[in-house]
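Undergrad: Pasting the relevant annotations from Swiss-Prot:
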type	residues	note
ACT_SITE	D82	active site, nucleophile
ACT_SITE	H432	active site
ACT_SITE	D484	active site
ACT_SITE	E493	active site
REGION	515-534	region 'Disordered'
SIGNAL	1-27	signal peptide
Amino acid sequence: MSDVSGRFVVAAAVVAVSLAMAAAAAAHDYGEALSKSLLYFEAQRSGRLPYNQRVRWRGHSGLTDGLEQGVDLVGGYYDAGDHVKFGLPMAFTVTMLSWSVLEYGEEIAAAGELGHALHAIKWGTDYFIKAHTHPNVLWTQVGDGDSDHYCWQRPEDMTTSRHAYKVDAENPGSEVAAETAAAMAAASIVFRRAGDAHYAHLLLHHAQQLFEFGDKYRGRYDESVEVVKNYYPSSSGYKDELLWAALWLHRATGRREYLDYAVDNADDFGGTGWAVSEFSWDIKYAGLQVLASKLLVEEKHLSSQQREVLEKYRSKAEYYVCSCMGRNPGGAAHNAGRTPAGLLFIRPWNNLQYVSNAAFLLTVYSDVLSYLSLPLLCPDPDAAADEAAPAAADAGEVLEFARSQADYILGTNPMATSYLVGYGEAYPRRVHHRAASSASYARDRDFIGCLQGFDSWYSAAAENPHDLVGAVVGGPNGNDVFTDHRGAYMQTEACTYNTAPMVGVFSRLMELERRRRGEDAPPSSTSPVAEDDL
């Protein structure tokens with residue numbers, strides 16, 4: 001059974017795991033965190049803002065994007081605290097938002113946030129439809145990172161280059177084509193479930209074309225669009241994105257050809273070979289390994305070969321989970337780093353992106369373990385082939401670890417600081433973000449020049465005029481220390497792909513808390529959202 005015939009229903013075993021975690025549950029308001037996370041995406045919007053825009057200190061921006069190239073590229077998201085629209089991280093953001101809704105849509109609906117979640121996804125997919133102007137053409141970037149970083153302006157005042165860049169048959173970009181295909185395929189399932197069959201079909205049509213384009217004309221996108229190399233280079237190549245997109249297309253269509261692609265190319269493309277400790281906009285292996293593992297739960301008519309290969313994917317998914325939890329034999333070489341207070345620590349620059357992605361994958365994988373009634377296994381690579389690996393953790397422990405990472409983000413940390421802006425009493429007040437750090441365009445329309453903003457806003461010791469509510473910033477250093485200063489951009493800049501996976505995590509934990517308190521599910525509606533509202 002594929003996602004075509006219905007969503008993956010969390011089994012009774014998952015409920016039992018949730019109840020068993022009652023004693024360890026934290027006193028955080030995950031519903032509030034969820035609501036604020038979704039609000040953040042409205043602050044990152046580019047283009048003509050809708051009448052129901054909730055972040056009122058933002059205005060229309062980028063209204064001539066694509067004009068120079070004769071294509072309409074108005075819309076989409078700014079990735080972080082600047083104003084370039086980077087296609088690869090934007091697509092990954094939409095994929096993770098969609099996956100969050102697919103896994104925990106009922107919980108999101110119960111919180112009254114399903115409409116906002118669909119809006120957030122559609123703001124991205126509407127842009128991707130515009131950017132995919134031909135079966136073998138995808139516009140992947142608007143703006144220039146170098147000139148953009150030279151200025152500190154509100155997006156409404158931009159004077160920097162809005163040159164647009166594309167990939168095509170002569171200048172391929174398999175990573176961005178495949179990731180955009182994955183995003184549109186995942187979103188198509190979301191909107192089909194929401195009752196918008198026409199829009200779902202349109203997204204799926206684009207997703208299939210983009211996958212075919214990325215697979216037929218293979219090449220690294222940062223070699224075709226070289227200006228992206230200083231910002232979003234591809235370190236893992238494009239094979240992980242191709243496998244990732246194929247699995248999403250299988251879930252969206254139920255067609256065997258996409259599953260066969262992921263099975264037949266599993267070894268050659270590294271899907272069953274790469275054992276990793278990170279999941280990000282660049283390196284998709286852990287994500288596709290968890291996604292493949294879910295097929296063992298959802299698919300009822302797998303061939304023996306398919307099941308064998310999917311089990312290989314699952315073994316690598318377990319390596320990732322074991323690495324995050326520090327359970328892999330072999331010490332530091334096989335396990336993700338930690339701060340003294342227990343936060344996963346992969347890199348100093350924007351470390352919380354890796355934490356939020358890990359929290360999401362571990363949350364999803366704990367549900368897989370519950371359904372299969374299996375423990376987490378962390379085998380010793382030096383053990384004999386016939387030596388069974390001991391159980392390293394159960395599903396409840398995996399979910400508990402994911403919760404610990406979410407709670408750290410929400411303020412259970414040595415700094416007693418929430419790294420989700422706007423949550424709690426103490427949170428970053430000087431986020432590295434041009435719009436949030438400047439006067440509201442809605443109240444003060446006096447033009448802010450390119451360099452003027454550095455003197456007036458960037459260098460100021462004062463707090464930002466606007467809280468970037470719902471943003472997950474880069475986070476503390478390896479010693480759990482955080483510096484709340486705009487110049488400390490490795491720690492204070494937030495990105496869309498930091499927050500996107502937390503939508504799913506907060507939704508799952510919100511439901512966990514409800515069960516802990518023994519409450520009935522609140523009345524909710526998963527009925528279709530009116531097309532006019534989207």
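Cβ coordinates are placed from backbone N, Cα and C, and glycine is handled just like the others.
Since we're looking at a predicted model, the values are computed, not measured.
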Undergrad: On the three-state reduction of DSSP, what should I expect for D484 (active site)?
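TA: Once the DSSP labels are grouped into three classes, D484 (active site) ends up as coil.
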Undergrad: Compute the C-alpha separation of D82 (active site, nucleophile) from E493 (active site), stating it in Å without decimals.
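TA: Computed Cα spacing between D82 (active site, nucleophile) and E493 (active site) is 10 Å.
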Undergrad: Please identify, from the active-site residues D82, D484, E493, the residue with the sparsest Cβ neighbourhood, meaning fewest other Cβ atoms within 10 angstroms.
TA: D484
Undergrad: Just to verify a number: CA distance, H432 (active site) to E493 (active site), in angstrom, no decimals.
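TA: With distance taken Cα to Cα, E493 (active site) is 5 Å from H432 (active site).
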Undergrad: Give the distance between the Cα atoms of D484 (active site) and E493 (active site), rounded to the nearest whole Å.
TA: 10
